[in-house]
Amino acid sequence: MAPTTTTTVDTPVFDDKKVTVIFVLGGPGAGKGTQCARLVHDFNFCHLSAGDLLRAEQNREGSQYGELIRTYIREGTIVPMEITIKLLENAMRDALNKKSGDGWTDGRGRFLIDGFPRKMDQAVKFDESVCLSSLVIFYATTEEVLLGRLTERGKTSGREDDNAESIKKRFRTYQNDTMPVINYYSAQGKVAEIDSSPSIDEVYKKSTEVINDVFAGKYQKA
Ligand SMILES: Nc1ncnc2c1ncn2[C@@H]1O[C@H](COP(=O)(O)OP(=O)(O)OP(=O)(O)O)[C@@H](O)[C@H]1O
Ligand SMILES: O=c1ccn([C@@H]2O[C@H](COP(=O)(O)O)[C@@H](O)[C@H]2O)c(=O)[nH]1
């Protein structure tokens, strides 16, 4: 008899009927973090930046991944997905245990996951095993605008990757690895694209319209 093969399908840790996950993507410096900070204030989201979680893990005393993460970030490449997904899952569990108020009763929660998924393997794995996402907000602008913003931010950010060489590598990774993720979700009708070239206030107005649409049920999960 031919050997049987089994395919393991993960059950997501969090129920997407209770937990809303919105991914926030766009080129480096597009304004993802800036917009998320304001959305948190007005809609009581938990904002999880994958980059921030990785930097915290990199700097955590005793972390076995510190040096590995530092190298990937400096090179502008994507840290192996298992690390980032575990950090996100833990942070989500923490927030679900601690947060309260609008959107956070009876095991419910709402998350803006910023700068993730950056690569197709992360997208598929997160949706399957952590929580099915509702939408991607995609902040789109030109490389010229991105470069200007990152160069300016680099004067004070202290980030090891806000320098000309790392920025160039991050742009390449964005085109090669992250644009396919945006196209993948776009084909499922799960992308809201917002031009992030105008002022912070103008971009924010569009962002709130998208979030109101999500809560009004405009975007149905595939
Ligand atoms: N609409 C805007 N107009 C002008 N400047 C902006 C705008 N949005 C953000 N900025 C500025 O651009 C810089 C990058 O913004 P932000 O850190 O929010 O980008 P990001 O997409 O989160 O970047 P990264 O992916 O590198 O973390 C910041 O200094 C921010 O103040
Ligand atoms: O899912 C992710 C997200 C980020 N990274 C690495 O972190 C840096 C910085 O990310 P920001 O969102 O700009 O803060 C990014 O260039 C990657 O090297 C990752 O590996 N995986």
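Quick reminder: no glycine exception, Cβ is built from N, Cα and C everywhere.
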Joining Gly29, Ala30, Gly31, Lys32, Gly33, Thr34, Pro198 at the ATP site recorded in TrEMBL, out of Arg70, Arg74, Arg153, Arg159, is Arg153
Of 49-79, 111-141, the range TrEMBL tags as region 'NMPbind' is 49-79
From candidates Arg38, Arg93, Arg170, TrEMBL puts in the same ribonucleoside 5'-phosphate site as Arg55, Thr77, Ile78, Val79, Gly115, Phe116, Pro117, Arg118, Gln122, Arg159 the residue Arg170
Listed in sequence order, the binding-site residues from Gly31, Thr34, Ile78, Gly115, Arg170, Pro198 whose CB sits under 6 Å from ligand 2 are Ile78, Gly115, Arg170
For the region 'LID' (152-162), the distant same-chain contacts (Cβ-Cβ under 8 Å, at least six residues beyond its ends) come to 29, 70, 73-74, 76, 170
Rounded Cα distance, in Å, between Gln122 (ribonucleoside 5'-phosphate binding site) and Gly33 (ATP binding site) is 20
